């Protein structure tokens, strides 16, 4: 069974969207394997976003993601990575279609509500970072 990581970002937590987002995943057949509310450390975020280091949005992204609690979850199911990516919608808010999580709730590309692993390999790496007890 495939697993993936999804994170409701600080703006989604502050706006009370955890239940709505989780419901969308569960309605598509995904199961919640693990979850926690956490205010991520700079160290955790630097490891998570290491491939973005040096890009202009890197520091603001780290600041934003460490600004408050997030809801990190491991979801399990057939094609979990692909399903989460499709439900999340495009990263850029102007490209996110209505009916997707970002299309319905994102305010900007920076405050885009949700993270989802972009591949099976990324999911394994990210789950090990956020949920070392599952590794």
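Even glycines carry a Cβ here, placed using N, Cα and C.
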Residue among 27, 112 sharing the ATP site, where Swiss-Prot lists 9, 57, 85, 91, 102 as binders:
112
Within a 10 Å radius of its Cβ, which of these binding-site residues (91, 112) has the fewest neighbouring Cβ atoms?
91
